[in-house]
Amino acid sequence: MSTWANLGLQDSASPLMEQLIFFHDHALLILVMITVLVGYLMVMLFFNSYVNRFLLHGQLIEMIWTILPAIILLFIAMPSLRLLYLLDEINEPSITLKSIGHQWYWSYEYSDFNDIEFDSYMIPTNELSNDGFRLLDVDNRIVLPMNSQIRILVTAADVIHSWTIPALGVKVDGTPGRLNQTNFFINRPGLFYGQCSEICGANHSFMPIVIESVPVNYFIKWISDKVNS
């Protein structure tokens, strides 16, 4: 989860988020190099004493400043396109989770099992335990197995919502009447926090998401307890 004064991205918990971080660093490095070069040229332009009143054009330099930006854009665009295709690819899922956005809470259904569905509300500050996180903890967490391909189907019952978990690199819009899907792979256990990322009304800030990633055997036990209860 994001912490105080954190200027970087959250620690990744999925291969897709790792790739997003790599691309961010790759693009940022190119932007820093361009900024330094342009800044250096501007400083030299203002402070040097060389003047040429007869310099009307320079074909070589014009070719360079036309071709070089095109090459730089290719170095940014190719990894970006590769990542876009990776994010949209749906592998064979082990589990399908359905998420429905409401004003202002989430409801979940485990489509592979019978009668496992629940609503997830934010815990109010006055009911929060000492180790809870304000505006982030919920009464019913999503429990998912680690090291498994998980497909999520997202929709909404009223207005547009957006189901987002930054540590997993997942952001899916929930639109009434439409079913959007994506998949992710959690590679470590832990609690991963997210929030609705589409302004959806007065209490938009109060519909958090919490995923509890557990080993497969713990997940099977949790499913068994839910089915038998």
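Using N, Cα and C of the backbone, Cβ positions are placed for all residues, glycine too.
Per Swiss-Prot, the candidate among M146, M207 that belongs to the Cu cation A1 site alongside H161, C196, C200 is M207. Summary for the binding-site residues C196, C200, M207: the Cβ-based neighbour count within 10 Å is maximal at C196. Taking the centre of the Cβ atoms of C196, E198, C200, H204 as the Cu cation A2 site, the nearby residues of that chain (Cβ within 8 Å, site residues left out) are G101, W104, V159, I160, H161, S162, S197, I199, G201, M207.
Sequence-distant contacts of H161 (Cu cation A1 binding site), defined by Cβ-Cβ distance under 8 angstroms and a gap of at least six in the same chain, are G101, V154, D173, G174, C196, E198, C200, M207. In the topological domain 'Mitochondrial intermembrane' (83-229), the DSSP tally of helix, strand and coil residues is 28 helix, 63 strand, 56 coil. Long-range Cβ contacts of the topological domain 'Mitochondrial intermembrane' (1-26) within its own chain (Cβ-Cβ under 8 Å, at least 6 residues beyond either end) map to 76, 79-80, 83, 86-87, 133, 136, 166-170, 184-188, 190-193, 213.
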